[in-house]
Amino acid sequence: MKNSKKTNQDNSDGKQNDLEFNKSSAENEFLTTNQGVKINDNNNSLKSGERGPSLLEDFILREKITHFDHERIPERIVHARGSGAHGYFELYKTMEKYTKAGFLNDTSIKTPVFVRFSTVAGSRGSTDLARDVRGFAVKFYTQEGVFDLVGNNMPVFFIQDAMKFPDLIHAVKAEPHNEIPQAASAHDTFWDFISLMPESMHMIMWVMSDRAIPRSLRMMEGFGVHTFRFVNDKNESHFVKFHWKPKLGTHGVAWDEAQKISGKNSDFHKQDLWEAIEAGNFPEWELGVQIIPESDEHKFDFDLLDPTKLVPEELVPVTIIGKMVLNKNPDNFFAETEQVAFHPGHIVPGIDFSNDPLLQGRLFSYTDTQLSRLGSPNFHEIPINRTIAPMHNNQRDGHMRQEIATGKVSYHPNSLGGGCPFQAKMDQGGFVSFNERVDAHKVRARSTSFSDHFSQAALFYNSQTPIEQGHIVSALSFELGKVETVSIRERMLGLLNQVNADLAAKVAKNLGIPVPKNIEKPINHGVGADDEGNQEPSKAKPNIGSSDALSMLKNPTVSDPIATRQIAFLCADGVSADSIKVMKTALQNAGAKAVIIAPHLGTIVSQEGTEILVDQTYKIAASVLFDGVFIPAGKGIADLSKIKEVKEFLNDSYHHCKFIAAEAEGVQIIKNNSDINKDPGVLMSENNSDKNLSVSFIKALGRHRFWEREKSL
Ligand code: HDE
């Protein structure tokens, strides 16, 4: 196999040369078998007589059916449901002081990337809007090899040691006896496990927050989670944490909304990403790093190797070093998004691992899983996985090998092949592991520096606005309310009480049981317990403080806040075309999309007598698929009151704290609806085509939601 060489510029227009090389198109071609024989009849199998039995010799039928029978490959054990996109990464400023990685040194290099976002627990066909952590995996095709940053949209994880990962996943997946529930953590086995795993409490705060129900994959932060190392050309190491910051801000939906979206459009996130890229609204993230000198390793009151801890931005600021743009959808879901194989062990010179015991376990798992999922050690030859760097070694053969290695030498050292391929010295770009000194006993143990399970959980909770704290209380009340075993609920309340007494009390009230006075001794020696099963009932440290970076609502993104947002226009015959035009133009100028909804498809006739093209009907459209609503002026608008779906639409928008705007006759629809209180999130104007209304509506939409409304609901 020849490695097709990419240049720096290859991906600037979203093209992947390796993929181009393998693409096929049937345009103006005959239908053939896999052996290239032209097919004359693709409708009838070969039979002994028109009504007779089929013949075994029908190689065309057998080939077609056999291939079909083998179309599926095992879905990923975790992160089965995903969406992918191509793009590129550009560096703002050189990082050569810290790392020798070429793509982080040279600002003229445009590195192609492929990104796959995913949920964790659900099957491949499950809903996008499950309450779950999202995978955020980026494959950088660098000139020195593939670097995979296989992260999540939350900066910490449930467990501290890889040994517990199969247990965590068994607990969260559908229960094995009846395979219920799909893509949901609200069930007994998950919370049974969690209630015995105090180390997961920090991550539990994150997954019970609105981070777990993003508005869009384009509106999520990303994190490398583990501490990695940067290594420079003097072989000096710094610890590093990776962050992705979305240009569109970080936003979530309401939980009731998430559940309804799952019914109305379970591909909501996948479609949103696809359509944004097709429309040229390329999502962007900035890459940030927190850099910690080796000498500061022990300066924090948590352990940098503990993946249940983050490094607060107040302690180590995030330095923005570059940006990633996703500008091309895959051509084929299976070939690219399904077959892409990420691996935290795919690193390049200049990047190295830390001893985080979760990361260390991952380094084994990802190749292993590809062997069963993709079926061969040659998965690196699948176009989406190929490096753009020259690749030569003495690995040979195996299932579905594509490379035709020439010559008789496949070993090293050799003289017959002139010693090729050569080992590369460090100054020739050869990878050399950071020479960390390790001098220790061989033990199965956990460092005591990993044992504060509650302080950062409390830090996260403290850092949220009261609205966000309310959402965490509701999420916990929902999840634990679905748990059937009362002792599990009680154990969870005990743990929540270690994080924050007020949080525990509020959840306890909703569950109708008291917060246990003493934290129960784990019945089966939960992790962290001594030989007798006693667990140290540590509490969060007092005065833990707060960190604004952890809240979504404290971090609004000011640039272009409503770009790509979808606004529903509730219309009917007799609507005012002028009213639509003024609002639509203003929204479009701000980058948002106006969607005309009416009782029927085709066109409606405005009060001015013009025809207006309808995008969706009330039977198809649902409030949960939109970011805001506008009811235009017009004599015919009064008829909207008669349509049941319009009332549902408005009520859902209102309950999900969306901004609603109405003008002239449209205002009457709001006034007639007794379920809608006139709060500052409902913008009304008695004038037709009111430019001021469009200005204030756009400003309001930039806030994403009027969450304050929840108090009155
Ligand atoms: Fe993964 N994880 N993981 N994981 N993970 C996989 O690899 C695993 C962990 C993450 O879009 C699997 O190719 C172990 C943390 C993402 O294709 C598997 C442990 C983080 C993806 C696997 C972890 C992740 C995966 C399944 C604990 C955030 C999807 C299919 C030691 C930093 C990548 C596959 C994609 C996928 C194992 C923990 C992120 C089984 C053993 C922590 C984003 O190898």
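All positions are counted from 1 along the displayed chain.
Cβ coordinates come from backbone N, Cα and C, glycine included.
Marked as region 'Disordered' by TrEMBL: 1-27 (among others).
Taken from TrEMBL, the feature domain 'Catalase core' covers 32-420.
For Tyr366 (heme binding site), the same-chain residues 6+ apart in sequence whose C-beta sits under 8 angstroms from its C-beta are Val150, Ala341, Phe342, His343, Pro344, Gly345. Under the heading heme binding site, TrEMBL lists Arg76, Arg116, Phe165, Arg362, Tyr366, Arg373.
His79 (active site): 23 other CB atoms within 10 A of its CB, across all protein chains. Secondary structure at His79 (active site), taken from DSSP and collapsed to helix, strand or coil, is coil. Feature annotation from TrEMBL assigns active site to His79 (among others).
Sequence-distant neighbours of Asn152 (active site) (same chain, 6+ residues apart, CB-CB distance under 8 A): Val133, Arg134, Gly135, Phe136, Gly222, Phe223, Val225. According to TrEMBL, the active site annotation covers Asn152 (among others).
Taken from TrEMBL, the feature region 'Disordered' covers 522-548 (among others).
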Residues Arg76, Arg116, Phe165, Arg362, Tyr366, Arg373 binding heme per the record - widest CA separation, whole Å: 21
Pairwise CA distance, Phe165 (heme binding site) versus His79 (active site), rounded so that it is a whole Å: 13
Other C-beta atoms that fall within 10 angstroms of the C-beta of Arg373 (heme binding site): 17
Collapsed DSSP category at Tyr366 (heme binding site): helix
Intrachain C-beta neighbours of Arg116 (heme binding site), sequence separation six or more, cut-off 8 angstroms: Gly82, Ser83, Gly84, Gly135, Ala137, Thr337, Val340, Phe342
Inter-residue Cα distance where the pair is His79 (active site) and Arg373 (heme binding site), in Å: 13
Inter-residue C-alpha distance, Arg362 (heme binding site) and His79 (active site) (nearest angstrom): 14
